[in-house]
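Asks: Below, the features straight out of Swiss-Prot:
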BINDING   107, 108, 109, 110, 111, 112, 113, 114  ATP binding site
C-alpha cells in the first residue's frame, strides 16, 4: 500500500482531499480504482477533474499498466491463505481461503454455509502460526443468522484443539456485524465497510475477512419476475465488484453465501443450481457447493477455481466448530 498522501496528487488541494476522505477515498489506491463518474458524484467535483485525479493516482500507485508474468507472480506472494480448520478442506483449496478473492459458498438450507462463515470469522483472528491472518472481521448479515453464542462455542473448540486459553469475548470484539434490511442497504454497507476498515487499520486491527451472509436473499425477494431481471443483475454486478475491490484494497478474504434453486428440466445429475446467474458465476473467484451427508458430515465440492482442480472434501459440523470428519 502506497504511503503517498492524497494532497500530493496533481490537482488535489486540501479542500478536495477532505471531500475525497469524507466520501471514503482515504488512499490513492482507493482513488485509482474508482470510476470518474463515481468519484465526481461522491466527492462533488467535475468529471473531467475526477478523471485527471484518477489517472494521477494510477501512476502514483502503479496501477492499471501492463506488467510481466513474473511481476504478477511476485505480487501474488502477498496473497494470504486462511485456514478452514479442516485438513482435507484446506488441501482442496490449495492451503486455505485466499485473500484478494471472492469465495462463494452455495447449498440448500442446513448444508453448513453459515457454519463455515462463523468458523472463518474465528480462524481469521488467529496468528499465522495457527493458520489465521491476525485480523478483524466485518459481517453483512441479510438473514439475521449471526449468532455470537456459536462464535463462543467455536473459540472454546479452538482452545481445546491448540491447548491454549482463548477469550471468546475478545474474538467477539473483533467481529463487526451490520444487519442489511434491503438490497440498497446491503450495497451501501460495503461502502461503510471500507470506512470501518480504514479506521480499524489505523488502530492496528486490519480487516482480513468480509462476509456477506447471504448474498442474494434481498435481491431474490425484491426483484420478482423476468421483467425485473436486467435491473437486478445490473445492481448485483455493481455489488459484486464493490466486494472484489474491498478484497483488493485491504488484502482481505471475501466470503459470500448463496441460496440455490432446483432446475426441473435437469434429467441427469444434480438439479441444484446457485442463484444470481452468470454475474455471480463470473465474479466469484472460487465456487464451493455444500451438501448434507449423514449426521454431522458435510460434503464440500470445489466447482470453479482459476488455478485449482475440481475436488471434494468431507468435513464435520460439531459443537466445537468445523472439524475433520
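Glycine too: its Cβ is placed from the backbone N, Cα and C atoms.
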Asks: Within the same chain, and leaving aside 107, 108, 109, 110, 111, 112, 113, 114, name every residue whose CB is within 8 angstroms of the centroid of the CB atoms belonging to the recorded ATP site, in sequence order.
Replies: 115, 290, 292
Asks: Is it possible to get the count of other C-beta atoms within 10 angstroms of the C-beta of residue 114 (ATP binding site)?
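Replies: 21, counting other Cβ atoms within 10 Å of residue 114 (ATP binding site).
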Asks: Looking only at 107, 110, 112, the binding-site residues on record, which one has the least crowded Cβ, with the fewest other Cβ atoms within 10 Å?
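Replies: Across 107, 110, 112, these binding-site residues, the one with fewest Cβ atoms within 10 Å is 110.
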Asks: Sort out the sequence-distant neighbours of residue 113 (ATP binding site) for me: same chain, 6+ apart, CB within less than 8 Å of its CB, listed by position.
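Replies: Residue 113 (ATP binding site) has long-range Cβ partners 105, 106, 107, 213, 214, 257, 258, 290.
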Asks: According to DSSP, folded down to helix, strand and coil, what is residue 113 (ATP binding site)?
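Replies: Its secondary structure by DSSP: helix.
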